[in-house]
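*Asks:* Before I ask anything, here is the structure I am working with.
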Amino acid sequence: MIIQPKTRGFICTTAHPEGCAKQVQQQIDYVKAHKKLSGPVNVLVVGASTGYGLASRITAAFGAGANTIGVFFDKPAEGARTASAGWYNSAALEQAAAEQGLKSFSIVGDAFSDSIKTKTIDLIKKEFGTVDLVVYSVASPRRTHPVTGETFSSVIKPVGSAYTNKTMNFHSGEVSTVTIEPATEDEVRQTIAVMGGEDWGMWIDQLQEAGALADGATTVAYSYIGPEVTHPIYKDGTIGQAKNDLEKTAIALNEKLNVTGGRAFVSVNKALVTQSSSAIPVVPLYISALYRVMKEKELHENCIQQMYRLFSEHLYNGGVAAADGSHLIRIDDWEMREDVQTEVMKRWSNIETANVPELADLAGYQDDFFNLFGFRTEGVDYEADSEPAVDIPNLV
Ligand code: NAD
């Protein structure tokens, strides 16, 4: 069938298999064109099918020649409905890994559940023995607790008081003012339960208890801080509270792993267009202005450039992981550079619908958004018939 994008707000309900495959190949080509990484060897990526998790898996597999297991929550095609983008991405990744002779497996299911953890650990023990890197890159709106059975929902809201700022409809480029009411205490609690560190901690504990974690293993999860203008909705908001909890988990895990020479970090990454970030109010306008400034200064990076830098400058190749023994790795350093932020904020104060094309990179934002679903990819014939039912090789 001919697959076209069908968008509803910040969601696209279709995905293009060839477009997704091409983009995975572009990421693979990027890491292969760079210096080989000194590690890792055997890797588990939880949340591995899109965004930062996918780029982490590609960097490990094709930058270091690592064996990888990817855990993710994606749907196959059904009838006239296409699979989700993460499904097509993972199919392409598995295919490329097999061609390269790498051991590579995919597990589709709820990473928050005990059954998926057990299935993954069994697979690690059977195929790898142990893993020496665990990347935790889950971004989810919901989590069912494996012990209590309670289902939590995360919200993106300020904490304490209402927040008013500019926001943008990234399809039309229309800038408007949005006011977001503060979260209730229970919403904060639930957001921490979904996006905080508890599940990451459970993964590491269960891997360790099962003897599936190599001595000296590294684990990393991802966070965002960003500029003051977004603090009320991000850093100081519900999601920021969850990220504080993630940082506390990193400190606790670091202590546990240190006993066998291991380490745990939170890597603070750059703001990028992903399925998760496009759902946050205000952020798409900030990202558009940021893209414009970073592109003008030739500092722009996407997920794969960020992840290659994380692995090559911090985690491997003799890099210093985090400054002063901190648990935080800052690969948002270019985004947060003073000259970049000064220019973005200058634009922010003047930005309105009429001058968006001049002050921000709306076209770049839109391209990245459609790219997430395999659309607007160079070299793909979108008028051609496409088979939506694609198998993921090595799906366990
Ligand atoms: P994303 O939406 O692209 O990826 C999320 C991944 O989680 C997907 O692979 C999805 O399948 C998986 N997932 C979701 N629910 C799952 C479940 N129940 N079980 C198994 N897998 C599940 O998100 P992203 O933007 O790459 O975010 C990853 C991490 O990076 C998050 O912690 C996010 O806060 C952080 N981060 C994002 C940005 C940004 O700008 N996008 C910046 C800094 C940090």
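Every residue gets a Cβ built from N, Cα and C, even glycine.
Curation does not apply to TrEMBL; its annotations are automatic.
Residues or ranges marked as active site, proton donor by TrEMBL: Tyr234. If you look up TrEMBL, you'll see Gly47, Ala48, Ser49, Thr50, Gly51, Tyr52, Asp110, Ala111, Val138, Ala139, Lys243, Leu272, Val273, Thr274 marked as NAD(+) binding site. TrEMBL lists Tyr224 with the feature substrate binding site. Sequence annotations record features per position, and here TrEMBL assigns domain 'Trans-2-enoyl-CoA reductase-like NAD(P)H binding' to 2-78. Per TrEMBL, the feature domain 'Trans-2-enoyl-CoA reductase catalytic' maps to 81-316. Residues annotated as domain 'Enoyl reductase FAD binding' in TrEMBL: 324-385.
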*Asks:* Whole-number answer please: how many Å between the C-alpha atoms of Lys243 (NAD(+) binding site) and Tyr224 (substrate binding site)?
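*Replies:* Taking the Cα atoms only, Lys243 (NAD(+) binding site) lies 8 Å from Tyr224 (substrate binding site).
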*Asks:* Should we count any of the recorded positions Ser49, Tyr234, Lys243, Val273 as near ligand 1, judged by a CB under 6 A from one of its atoms, and which?
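*Replies:* Going through Ser49, Tyr234, Lys243, Val273 in sequence order, those close to ligand 1 turn out to be Ser49.
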*Asks:* Please identify, among the binding-site residues Gly51, Val138, Tyr224, Val273, the one with the smallest Cα-Cα distance to the residue listed as 'active site, proton donor'.
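*Replies:* Among Gly51, Val138, Tyr224, Val273, Tyr224.
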*Asks:* Any idea what the model's mean pLDDT is for the domain 'Enoyl reductase FAD binding' (324-385)?
*Replies:* 95
*Asks:* Can you tell me whether DSSP puts Ser49 (NAD(+) binding site) in helix, strand or coil?
*Replies:* coil
*Asks:* Sorry to bug you, but what's the C-alpha spacing from Tyr224 (substrate binding site) to Asp110 (NAD(+) binding site), rounded to the closest Å?
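*Replies:* Here the two Cα atoms lie 24 Å apart.
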*Asks:* Quick one: give me the count of other CB atoms within 10 A of the CB of Tyr224 (substrate binding site).
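*Replies:* For Tyr224 (substrate binding site), the count of other Cβ atoms within 10 Å is 21.
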*Asks:* Far apart in sequence but close in space: which same-chain residues, 6 or more away, have a Cβ under 8 Å from Gly47 (NAD(+) binding site)?
*Replies:* Gly53, Val71, Phe72, Ala111, Val135, Tyr136, Ser137, Val138, Ala139
*Asks:* Test of understanding: give the count of other CB atoms lying within 10 angstroms of the CB of Gly51 (NAD(+) binding site).
*Replies:* 25
*Asks:* Can you tell me how far the Cα of Tyr224 (substrate binding site) sits from the Cα of Val273 (NAD(+) binding site), in Å?
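*Replies:* Cα-Cα, rounded: 13 Å.
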*Asks:* If you draw a 10 Å sphere on the Cβ of Tyr234 (active site, proton donor), how many other Cβ atoms land inside?
*Replies:* 24
*Asks:* Per DSSP, to which secondary structure element type does Tyr224 (substrate binding site) belong, with helix, strand and coil as the options?
*Replies:* coil
